[in-house]
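Asks: Look at TrEMBL and you will find Glu205, Asn206, Leu207, Lys208 tagged as ATP binding site.
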Amino acid sequence: MAGVYGIDIGTSNFKMFSKDKDKILNEKNIIAIANKTEIFAFGDEAFEMYEKAPDNIVVSYPVKFGVIADIENMQTLLEKFTEKQSESKKLTGPSEFYIAVPTDITEVEKRAFYEIVVDAKVKAKNVYIVDKPVADAIGAGIDVTAAKGVMVVNIGADTTEISVLSLGGIVLSKSVKIGGNKLDDSIITTVRKYYNLVIGSKTAENLKKQLGSAVQVDESFAKGFGRNIVSGLPVCVDISSDIIYNAIVDPLHSIMDSIKVILERTPPELAADIINMGIYVTGGTSNISNLERFIKEETNLNVNIVENPSESVVRGLMGVVNNPQFRHLAYTPQEKIYE
Ligand SMILES: Nc1ncnc2c1ncn2[C@@H]1O[C@H](COP(=O)(O)OP(=O)(O)OP(=O)(O)O)[C@@H](O)[C@H]1O
């Protein structure tokens, strides 16, 4: 069946809405390939196998630091997810796709997002691009077309994109290679150092979700399963929130420094609007506890953490499709970037 789809291809999660279904698919952007050629699993099912699969099954993420690193596997995933999201499970008619593309990447990297859809077997009739920060702001409920400065900070898995928008366009945008994955890596290193405990990335992510806080809070504990470096045996250790705070505080401050750099560069009239409206924070990592308080204390600005922040961009794409007022914010490469 023909359809209208919006896609946000993230490093960690693939988000897709279907206009017909009026439903968002949000699954891990990961694929498991058996014996080099067979698609063994994809999405959340493949994630279950991550760091657990035998040698003949390779489980990998095709997007790294917000750009498509493995075109072939990304195309396969796009086809599989589209099939899952389409009404009839059979893509018979021509469809329309709206893709969110990061701004602070090279033109070649931007083109890859477009071509992956054009070249995939998804019967794409029309493919449109929407700048990711623009979609993000619409998803956060902002009228981006107004003559008002808006700051959106998207803290994802591998990257944080900090943007200032006005009149539907991007005034400033900077992407830094720090996100939730960096916090997880830092937790792995710190837990190893303090507890002589080797943990996997899923355990680190769980500890971050359970104990992570952007400001220091009263100490609490959660179970961490791993291998003791000295004995070599599997163990379960009570991990302290203080240790998790020590692990994540530096990467969070690096993000903060970049936010301050963009604020310093923001033209004064737009800065005045940001003071009035506050900073909008989106992306899955903005779920971390007390982030609002941390940013507020550091910048003296109001902070709005968007509801269901990981899906803000894809919700914004839905806004572009459903709202004639935003329709002109979608463009084809011929119209804008690659002339
Ligand atoms: N409750 C939570 N607390 C802390 N972090 C969380 C929580 N829930 C999700 N995350 C983190 O959010 C990140 C995923 O966010 P998101 O879906 O916005 O990323 P992405 O779009 O895949 O990545 P990118 O924008 O870097 O391409 C992961 O690092 C995940 O661990």
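Glycine too: its Cβ is placed from the backbone N, Cα and C atoms.
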Asks: For the recorded ATP site, whose residues are Glu205, Asn206, Leu207, Lys208, find every other residue on that chain with a C-beta no more than 8 angstroms from the centre of their C-beta atoms, and list them by sequence position.
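Replies: Same chain, not in Glu205, Asn206, Leu207, Lys208, Cβ within 8 Å: Asp184, Ile187, Lys202, Thr203, Ala204, Lys209, Gln210, Leu211, Gly212.
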Asks: For ligand 1, which among the binding-site residues Glu205, Asn206, Lys208 have a CB under 6 Å from it?
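Replies: Checking each Cβ against ligand 1, the ones under 6 Å are Glu205, Lys208.
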Asks: Enter the number of other CB atoms within 10 angstroms of the CB of Asn206 (ATP binding site).
Replies: 18
